[in-house]
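Okay, structure first, notes after.
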Amino acid sequence: MLSSGSQRSSEIWADLSLLQQKLSKKVKIEPLSREVRLIGGCDCGIRKDKGIGVITVVELPGLREIEWSYWVGTIALPYRSGYLGFREVPLLVGAYRKLKNRPDLFLIDGQGIAHPRRIGLASHFGVVIDQPTIGCAKSKLIGDYREPPSTRGSYAPLLDGSELLGYVVRTKDNVRCLFASPGHRTDFPDALFWILHLTTGYRVPQPIRFAHHHAKEIQV
């Protein structure tokens, strides 16, 4: 694995920042343009130097899981905030290529454009596969907000200055909020609607919960 403190390491992180800036120019924030019947839930697990990318396919309206796939790969980069895509996108792409049923929309456990360079994991993955994605993160990476009321369905804008990055969303009464942002080929109303629509009694949307469960099961 790449050392995190050497001069060569600093050069690599700088190059990755430039690559993120180029990728961010390919992100499309636009209304979802297709009917959604199948949802892909995406999550990754890391075990030392191995990573597991999982995608589960859930059918609407009943949220029934019809398929799931996974990919195991070697993690070459150490963790650094803001660079998750370079560790996890290859894992998700591997799982995506194994799917027999292609989702109409993907929910990813991670940021969309709510990222310093507007290219969080959901945006990065969306650009690579050129499919609609939404980021659903459990914690804030960037931005400011006012805490929304404690009831399910409450939300507040997540802002970087005057720029809207997404929404802070209460998906269950009296639980911590999620951070919803468009990833690629979706917009802000899409992110808010689907995060709430796909949470059924739990804090995290059901497709991501399925993927997380499978990621924990896999032995590497």
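Numbering starts at 1 and runs along the chain as it is shown here.
Placed from the backbone N, Cα and C atoms, the Cβ positions cover glycine too.
Pulled from TrEMBL, these are the features on record:
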type: BINDING; residues: Asp43, Asp109; note: Mg(2+) binding site
type: SITE; residues: Tyr79; note: site 'Interaction with target DNA'
With the cut-off set at 10 Å between Cβ atoms, which of these binding-site residues ends up with the most neighbours? Options: Asp43, Asp109.
Asp43
With H, G and I counted as helix, E and B as strand and the rest as coil, say where DSSP puts Asp109 (Mg(2+) binding site).
coil
Name the residues of the same chain, 6+ apart in sequence, whose Cβ is under 8 Å from the Cβ of Tyr79 (site 'Interaction with target DNA')?
Arg87
Name the secondary structure element type, per DSSP in three states, that contains Asp43 (Mg(2+) binding site).
strand
